[in-house]
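Enquirer: Pasting a structure here, questions to come.
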């Protein structure tokens, strides 16, 4: 019983460390844009609701993507070019522990929360600078045997934490 408890606690502790320090990603568009029931999704995140003339444009876009995908088997950008309501093609996406940022929008649990504030943008920029510095430090480190169980060895480098807006709402 004592061994089981110790192993369970050790497993919980190491998974907590790995989860809190290493789960983030950054990518640049274009991202997949889909339309369902007048709702636009970009990168599977709710982006906007269509209104007015955009409703017809959305239906035509969905039909064109369906045709390009299932009939023509042509996924080239010329065939599947999204309308402007899908957002800019060079948007950035950040997936942090606790939230995602796509373009100027904050999502938690894949639900839109709010647009980013100027302070949020500054935090993202600071995070990007810290990540660049962390990666440069990592490159300059001598080869090692890795990080057992996702834990940073004593005195090892740690990546920066995610922006505070991912944890404070």
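Glycine is no exception: its Cβ is also placed from the backbone N, Cα and C atoms.
Residues or ranges marked as signal peptide by Swiss-Prot on the basis of experimental evidence: 1-20. Residues or ranges marked as pyrrolidone carboxylic acid in Swiss-Prot (evidence: experimental evidence): 21. As annotated by Swiss-Prot, disulfide bond applies to 33-79, 68-86, 99-166. According to Swiss-Prot, the feature region 'Disordered' maps to 135-169. Swiss-Prot lists 158-169 with the feature compositional bias 'Pro residues'.
Can you tell me where each of these features sits in the structure?
Expert: According to its DSSP assignment, residue 33 (disulfide bond) is in a strand.
Taking the Cβ of residue 68 (disulfide bond) as centre and 10 Å as the limit, one finds 17 other Cβ atoms among all the protein chains shown.
Here the Cβ of residue 99 (disulfide bond) has 19 other Cβ atoms within 10 Å, regardless of which shown protein chain they belong to.
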Enquirer: Looking only at the compositional bias 'Pro residues' (158-169), what are its DSSP counts of helix, strand and coil residues?
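Expert: Secondary-structure composition of the compositional bias 'Pro residues' (158-169): 3 helix, 0 strand, 9 coil.
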Enquirer: For residue 86 (disulfide bond), what is the secondary structure by DSSP, using just helix, strand and coil?
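Expert: It is helical.
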Enquirer: Could you work out which of the disulfide-bonded residues (33, 79, 86, 166) has its C-beta surrounded by the smallest number of other C-beta atoms within 10 A?
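Expert: Sparsest of the disulfide-bonded residues 33, 79, 86, 166 by Cβ contacts within 10 Å: 79.
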Enquirer: Out of 33, 79, 99, 166, which of these disulfide-bonded residues is nearest residue 86 (disulfide bond) by C-alpha distance?
Expert: 33
Enquirer: Give the distance between the Cα atoms of residue 99 (disulfide bond) and residue 33 (disulfide bond), rounded to the nearest whole Å.
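Expert: If we compare the Cα positions of residue 99 (disulfide bond) and residue 33 (disulfide bond), the gap is 20 Å.
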Enquirer: Quick check: of the disulfide-bonded residues listed here (33, 68, 79), which one has the Cα closest to that of residue 166 (disulfide bond)?
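Expert: If we rank 33, 68, 79 by Cα distance to residue 166 (disulfide bond), first place goes to 33.
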